[in-house]
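As given in TrEMBL:
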type     : residues : note
TRANSMEM : 28-51    : transmembrane segment
DOMAIN   : 43-294   : domain 'G-protein coupled receptors family 1 profile'
TRANSMEM : 63-88    : transmembrane segment
TRANSMEM : 94-122   : transmembrane segment
TRANSMEM : 142-167  : transmembrane segment
TRANSMEM : 198-223  : transmembrane segment
TRANSMEM : 244-267  : transmembrane segment
TRANSMEM : 273-293  : transmembrane segment
Amino acid sequence: MATSNASNALCSTFYLTGIPGYEEFHHWISVPFCLLYLVGVMGNCGILHIVRTDPRLHEPMYYFLAMLSLTDMGMSLPPVITLFRVLWSISREIQFNVCVVQMFLIHTFSFTESSVLLAMALDRYVAICHPLRYATILTPKLIAKIGIAALLRSAIALIPLLVRLAFFPFCHSHVLSHSYCLHQDIIRLACADTKFNVIYGLVVITMLWGLDSLGILVSYAFILHSVLKIASREGRLKALNTCASHICAVLILYVPMIGLSIVHRFAKHSSPFIHVFMAHIYLMVPPVLNPIIYSVKTKQIRQGLLHLVLSPKISSTLM
């Protein structure tokens, strides 16, 4: 019986939803989404290129920034593919196995981004509280291990949820609430006891996002304690200014994420447009805003991006 359920689930077809109530404007709505995605991709690819090619940026802070750019693109690419398929009226259908892979990638990179932000908070803590030991503590080998551990932790934690999904019969409507697959959206369509997935999902969120956010708060408590010991006001402001970009990145990820969780759990009967709007903000805004914030607040990144944009124009003028 379990084998039959698994076979039925794997053969299931789900139907994605665009922007409810605005179906006739989907082609026009796709334009700002396309522009946002292109801005995000160009900004994050620019940061990756600058960090890789500029020897001055071969430091822990910029390695972690490169990780943030990778997770941003990893989190935004899977939903964008099906989003444009829906908005351009190519197809609303998605097979169950493809849906699970997409869900796995979205949630994995979302959890990984949270871990990277924790690592960046620890980077700021070491830089401000232990500046003389900064290079010896955060070695390239340790940074690579942190990145791999963050990715593996996020991926392994999701495996039990994916395994359980394969054995759920889906006898209700197969219409999903979004233009991509999320775990909380799929389990509401299952005709089975989903208590394990609900409880385990809450545990995973608490253990990953909860511990990451707690670690970030503790890091900043130590940073603030250390900054207040600095005698001059200029010194305190300079130290805090090095954390401004990271604080913005944390808010950009956690505020939409918390908002989406609240909407899914406590506003189930609200307008579908609100659910869709919050979900797209959660996945599309961080990849767009993070490169902008870091290019504005970080001199080296700003100079690198300007050089990357202006140097071809200068070369063509000279020719």
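Yeah, the Cβs are placed from backbone N, Cα and C, and that goes for glycine too.
Counting Cβ pairs under 8 Å to the transmembrane segment (244-267), the stretch among 28-51, 94-122, 142-167, 273-293 with the most such contacts is 273-293. Here the domain 'G-protein coupled receptors family 1 profile' (43-294) has a mean pLDDT of 88 out of 100. Highest Cβ pair count under 8 Å relative to the transmembrane segment (273-293), across stretches 28-51, 63-88, 94-122, 142-167, 198-223: 28-51.
Remote same-chain residues near the transmembrane segment (198-223) are listed as 111, 114-115, 117-118, 121-122, 124-125, 128-129, 153-154, 157-158, 160-161, 183-184, 187, 239, 243, 247, 250, 254, 257, 261 (criterion: CB distance under 8 Å, separation of at least six residues from the stretch ends).
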